[in-house]
Every structure is written in structure tokens, then in C-alpha cells.
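*Asks:* This is the feature table in TrEMBL:
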- 6-311: domain 'Acyltransferase 3' (DOMAIN)
- 7-25: transmembrane segment (TRANSMEM)
- 45-64: transmembrane segment (TRANSMEM)
- 84-104: transmembrane segment (TRANSMEM)
- 124-142: transmembrane segment (TRANSMEM)
- 149-167: transmembrane segment (TRANSMEM)
- 204-224: transmembrane segment (TRANSMEM)
- 230-251: transmembrane segment (TRANSMEM)
- 258-276: transmembrane segment (TRANSMEM)
- 288-312: transmembrane segment (TRANSMEM)
Amino acid sequence: MEYRTNWVDYAKGIGIILVVYGHVARGLQNAGIEMSPTHFSLIDSVIYSFHMPLFFFLSGLFFYQSFEKRGSKRLIFSKIDTIFYPYILWSILQGGIEAVLSNYTNGNVTFSEVFALLWEPRAQFWFLYALFLVFVVSAFIYSFAARSLTAILFVGTALIYVFNTLLPDVQLLNYLYQNLVYFFFGIAFSVYSRESVFAKHQFLLISFVTFVALQAGYHGVLGMNYSQRGLLSLVLAISSILFVVSLSMAIEKPSLCWLSHIGMASMNIYLMHILAGSGVRVVLTKVLGIQSFSVHLTAGCLVAIVAPLIALKIFEMIKLRFIFSAPISKWFGSKEGEMKSQSA
């Protein structure tokens, strides 16, 4: 697989739109601006069954190439730059704002919760915390394991996921139990797959039918939800990821380049969308007195995506440094510290 393929940005665009929708809809539900509970629960569970596994998968796609190029130490330092640093900075920024404005928002955030970030990530930032752990563990594993063992490693992480209830119930380890498998699925995809197969319209049709059938069976027939992890949820997530992969390859065209641009800025949107979406909800309810769910959902999703893109442009114009990454790896002698990369 090439180091960078456009369909990945389309997949990230799809993923981050689902993330924004999920968080905005949950925020409205918690604020008492509700849609039908049945519809909300179904849509919420379908999205949460695969949207974050999708991002772990996409992060794993380029892991091995980066590992071969940099080695374990330099790779980890580069992820301190682009994952752990923004995790710390934006956890404090968002948490501080939420603590100050807690009277106007859904939550009752305290500063003690904000500064517990090293052992207890909160809000959407759990993903960055977990992703950094996954990178560290994966780099350690491949320091001893050959590339040819990727399939075995993927199966091993799948077994850990399926039988995680038999393992120690420690939050830090739970992040690995639940997400390492999707990262290794991404590594395996990059090592073994032929992209031409997934780009075919026949595969798109098959993957779509499979996606609909499995989601309907899982949620409708079995009455399960995304939080019930096991073999079925793993199969559901992987089949959903493959559908998004095939769909992203099929829609990779100039007329949809806006989706690619959103995907390329997915990390920036992920870091800022909660503040933007919550701000819209506060203005609509407290200032304008609007309680319509559809108005809130539409406005919240649009602003939560567009506002971070505008902020990103402003940050670039004023040359605001170290807002999304820091050259920590450069300080430790790594040339890659000067590089900018997207990790979500």
C-alpha cells in the first residue's frame, strides 16, 4: 500500500462526521432536547459500534511503514509530538472552559477532574490517550516480532478482545483490550490486502448488504448494543470498517473533495468540536430560546465541523505554534520532530 492514499482522508471524513453527530446528539439528549428514545438509541449504537474502531484501524494502516523508517524510539517520540502533547494541552483547555462554564452546560466538571488526565482521561480525549498507549505497545511488540507475524498478532489481539472479561479489569489495560485489535487490523490490512479488490463496485455492494444485515441482526434481532463486547461486536465492527473502506474508495473524486478536506483536518476537528457544538447549544437555548431537536442537531453538527476548520486557518495565518503539536522529538534529536502528521 502506498504511504498515503486519498481514500484514507475520505474515510477519516466519514468517521469524524459520525463522531460529531454522535457527540452533538448525546449532548442534546443529556440537555433534555430529545428525539425519539428508540430512534436515538438505535442510531447511537450503530454509530458507536464502529466509528472509533475505524479511527484505530486508519491509524494502524501506516504504522509499520513508519516503524521501519523511524524505529521504535523515534516513532514513540513522534507520537508524543502529535498525540500525547495535544491530549495534555486540549484536555486542560477544554476542561478548564467546561469547569468555568459548568453552570451553563450539561456537565458539572471540576478542576480536579481536569488535572487527573494522566490516569483518568475524560470526554472525547480518551481516544488520544488510548491511541498513544496502542502506539507504544505496538512499537514494543514489533521491536521483537517480524512483519511476517502480523497475521498471528492480529489473531492474538482479537482473542484478547473477545475474552477480555477474563483479564484484569484495569482501565489502562481496558483501552488496550478493546482497541488494539482494530489497530492491528489496520496493520494487517496494509501488509496483506490488495486495494484493487476493495475498490470494485461489486465489493462495495456486498459490503453494504453485509453492513445492513449485520447491524439489523445485531441490534434488531438480537437486541444488543455497542457496549456488549465480544465476538459478535468484533465481526460487526470489522465488517462496518470494510464497508467504509470500500465506500471511501468509490467516492474518491474531485466533486467530493470537501469530504477529503474534512478528513485531513479530522484531528483538529476532534480536538475542538465539543467546545464548538456545546457553544451552539448554549446560544440556541439560553439566548434564542430554541428547543427544536432538528435545529439544534443541524446547527450543532455544522458549527462543530466548520468552526474548527476556520480556527485552523486562523491559527495558520497568525502562525500560532504548538497548538496542535510540539517538536518534542526534535528536542531529543529526532529529525522527524520537524514533520507534521495527522493521527486521527
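Glycine residues also receive a Cβ, built from the backbone N, Cα and C atoms like all the rest.
Can you tell me where each of these features sits in this structure?
*Replies:* Long-range neighbours of the transmembrane segment (45-64) within the same chain, counting only residues 6 or more positions beyond its ends whose Cβ lies under 8 Å from a Cβ of the stretch, are 1, 3-4, 8, 11-12, 14-15, 18-19, 21-22, 127, 131, 134-135, 138, 142, 147, 150, 179, 182-187, 189-191, 215, 218-219, 225-227, 233, 236-238, 240-241, 244, 343-344.
Under 8 Å from some Cβ of the transmembrane segment (84-104) lie the Cβ atoms of residues 110-111, 113-115, 117, 121-123, 125, 128-129, 132, 267, 271-272, 274-275, 278, 282, 286, 322-326, 328, all in the same chain and six or more residues away from its ends.
If you look at the transmembrane segment (149-167), the same-chain residues 6 or more away from its ends with a CB under 8 A from one of its CBs are 64, 141, 173-174, 176-178, 180-181, 183-185, 187-188, 191-192, 229-231, 234.
Counting same-chain residues at least six beyond the ends of the transmembrane segment (230-251), those with a Cβ under 8 angstroms from any Cβ of the stretch are 7-8, 10-11, 14-15, 49-50, 53-54, 57, 158, 161-162, 181-182, 185, 189, 195, 198-199, 201, 203-204, 207-208, 210-211, 214-215, 218, 222, 224, 259.
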*Asks:* Which value does the mean pLDDT take for the domain 'Acyltransferase 3' (6-311) in this predicted structure?
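*Replies:* That stretch averages a pLDDT of 93.
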